[in-house]
Structure formats: C-alpha cells, structure tokens
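In what follows, a single structure is set out as structure tokens and then discussed.
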Amino acid sequence: MVRELSHLTQKAEPTLFHHMLATLAEEGRLMRLYSQNVDGIDTSLEPLATKIPLNTKGPWPKTIQLHGGLEKMVCTKCGQLSDFDGALFEGAEPPCCKECEITDGVRLAGGLRSHGIGRLRPRMVLYNEFNPDEEAIGAVSHADLKSRPDAVIVVGTSLKVPGIRRLAREMCAVTRDRRGGFTAWINVDPEPVGVDLKDSWDMVVRGECDDVARYVGLPRWDDKDYGEYRMVEGEKVEAKNLVGVVLDSKPVAAIKTQGILTPTDSPRQQSPTPMIAMPKMKQPQLSFAPPAKPVELTKDGKPKKKPGRKPLPNSKPKNPITNTFTASKTSKAATKKPKELDALFPGLVDKKEPKKVPTTPMRPVSPYDKRNNSDLPLKSSQPVVVIPYTDTISPPSKPNGMRDIIS
C-alpha cells in the first residue's frame, strides 16, 4: 500500500490551486500553509518547500505538514531519518533499519547482548498516533496567532480532527477581530455546523478550489518577465479562430482623477488669483457717531500736543464724613448693685434667730448595731452573759447494750 501510494504521488502534478499558492508565496503575500496532505505535491514546489523535521524555533518554512508526508522514512527504534525508498517496502513486513543492523552486529562481535533491530516506516502520522513535530507545530501556530493575519482561507477539509478544528477556529477568530480581516470557506461540501464555528466565515464558496484559482488568474510563480517586449518589423503572428474586440478606454489622466489607488497627502490649496482692482468705496458716515473735532495746528503747521494732566494738590483731601460726626469717648454702662431681699420683700425676712425645736432623746444603740456600724469597740450598758462551752454531753446513765459503745 505504501509503495503504491508513493508511485501515485510521484506521477501526480501540482494543480492550479497549488500554483496559485506558490505565486502568493513567491510574492510574499502568503504567511503560512497548514497542510493535512501527506502526498507532498504542495511541498514539491519551491516557494512552498518545508523542513523535515520541523524546527521548534523560527524562522519556519512556508508549509507546515500537520500529518507528515511520504518524503522521508524513519526507524522506529533509533529514529534514523532517510529519504523514502518505495522499493524497500515489498511484502507485508516493513524493512529493517540498516543502521540498527550495523550497530547490532558490532555489539554481537564484541560479546555484548543484542538490543534489537528497528523497522522502517514512512514519516507520517496515522490516527491516534504521536506526532513528533507536535511541539514545533504548537510554536509556529502560536506565533502566527500573535501576528494577526489579515485573511484566512480554509480549503478542502472537513475539520473533523479536533486539533485542526481548534486551529481553524482560533485563526478565524483572531482574523475577524482585526479591522478589515477576511475569512473564507472553499469546499464542495457545506461548512461544518457547530457552536464553536458559529459566525466564523465571511464567505462560503461551494465549488472546486481549482475553479477559484482559474477565476483569480494569477500567473505561475516560475513565469518571469524578461523586460520590455518589442515587435520585429516584417514579422506578424496571426491568431487563428480568435475574435478581437476593441474597447474604448479612457485617458490615463481621467482614470487617475476618478480614484486614488494608494493613500496620498491631500493637495495643497493654492492662493487665489488676484482679482481686477476695484474702485475704493467711501464708507458712509453713521448718524449716531459724534462729529469729529477739527485738529488744531501750530504756527509751523504741526498738530498741537494735548495738554498734560494738572498736578495733584499738596493739601490733604477733605473727609466730609469725619466733619459731620463728632468724636466721642465710649464709656461702660454703670452696673447697679442688686437690692437686698428685705428691700424687695419687706417683712418677709425675720432678722431674729430661729427658736430651737425640742427634740426627743434617741434610743440607746444595741451592741450588735455598734459592732456593725462602728470600727471602734464600744462598751454596752447591758450585762453580757458568757455560756461555757462543752465538747460532749454524756448522760449519767447508759442504756443496756450500749456500755461498750459509749465510753
């Protein structure tokens, strides 16, 4: 299968769309080409060449192979990279790696154990396989997203692979957020349906990509212009079965004035042409303006100078306010002493000393109250009886059976 696929790719030729991409790359208008194809037809063109393996740091090539290709084959054990040779892939078993055979023969000759021999396979990624260029692809896609491309065109893919779908979604989102960004979907099948790809396309073309390249009509990248063309006298090339149509074209000056292809500075405004000298008009005198006084002249015929200002008098200015009001000394109002209560209310206050009111003698304080209300010990007038304290009271007689218990 691999050998047949390699034979088919060697016989295949680039299509019109491949040549259009190569022309854009040659003119410097193509930033990157992310390809899912493994046939290597696009990378066979010089402007769309790639590097295998892909470098993790820039500068990166124009074409990024997301699934590898048939250009190289790699050993599954030692990782030796070499050009693809379809003649080695004969039969069901893959060929052995020559580098591994040499290394294993040297080890066996030295009395060491064998490490095994690897098998060769094309350097392409199948479903659910690890991509050796995964880190480099992530680095280049991250750099392209930061550069914010002005156009993204998705051609000939179903976007069923999750990684490719995410890359297309992020590229379209960044481009549409940019002012003047454009995204397009070109495929025979309709655009993919999903919430993640909603409003991702500015244009959807349902058709072949080669038809689009044919309508664009760009020259091939290897078509070079060798200078000005010249006609040799006496030599005519007659075209057969062709109909010529002559179209009236406008002069170049008219085309330039209709529209400016590139932004330029605004034209400078020139000064207006001088007009014919007009007779000076006399300004009419306004009725509400004061009449002009005649200018007085001296004997020499010169206008008199205006008289200067009179000098100020040396006397102090008169102040009519101070002359009107006389100066007076401010004095405090005399404070009156408050009258006595007898003067205000005669007969209310009795000047005689108040009589003493008879009081009843107080009851003598008990010793208990004196002890609680006074800090000093006070002698009581009542006698105090002291009761002697006894520890135990023993009866004179003891009941029967208790003599041993009560001592």
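Glycine too: its Cβ is placed from the backbone N, Cα and C atoms.
For reference, TrEMBL has these:
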- 1-228: domain 'Deacetylase sirtuin-type' (DOMAIN)
- His67: active site, proton acceptor (ACT_SITE)
- Cys75, Cys78, Cys96, Cys100: Zn(2+) binding site (BINDING)
- 285-383: region 'Disordered' (REGION)
- 316-325: compositional bias 'Polar residues' (COMPBIAS)
- 388-407: region 'Disordered' (REGION)
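Distribution of TrEMBL features across the structure.
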residue : record                       : contacts (Cβ under 8 Å, 6+ apart)
His67   : active site, proton acceptor : Gln36, Asn37, Val38, Met124, Val125, Asn131
Cys75   : Zn(2+) binding site          : Cys97, Glu99, Cys100, Gly118, Arg119, Leu120
Cys78   : Zn(2+) binding site          : Cys97, Glu99, Cys100, Thr103, Gly118
Cys96   : Zn(2+) binding site          : Ile117, Gly118, Arg119, Leu120
Other residues with Cβ within 8 Å of the Cβ centroid of Cys75, Cys78, Cys96, Cys100 at the Zn(2+) site?
Thr76, Lys77, Gln80, Cys97, Lys98, Glu99, Glu101, Ile117, Gly118, Arg119, Leu120
When DSSP states are folded down to helix, strand and coil, where does the residue listed as 'active site, proton acceptor' land?
coil
In three-state DSSP terms, Cys100 (Zn(2+) binding site) is classed as helix
Helix, strand or coil: which one is Cys75 (Zn(2+) binding site) in, per DSSP?
strand
When a 10 Å sphere is centred on the Cβ of Cys100 (Zn(2+) binding site), how many other Cβ atoms does it contain?
21
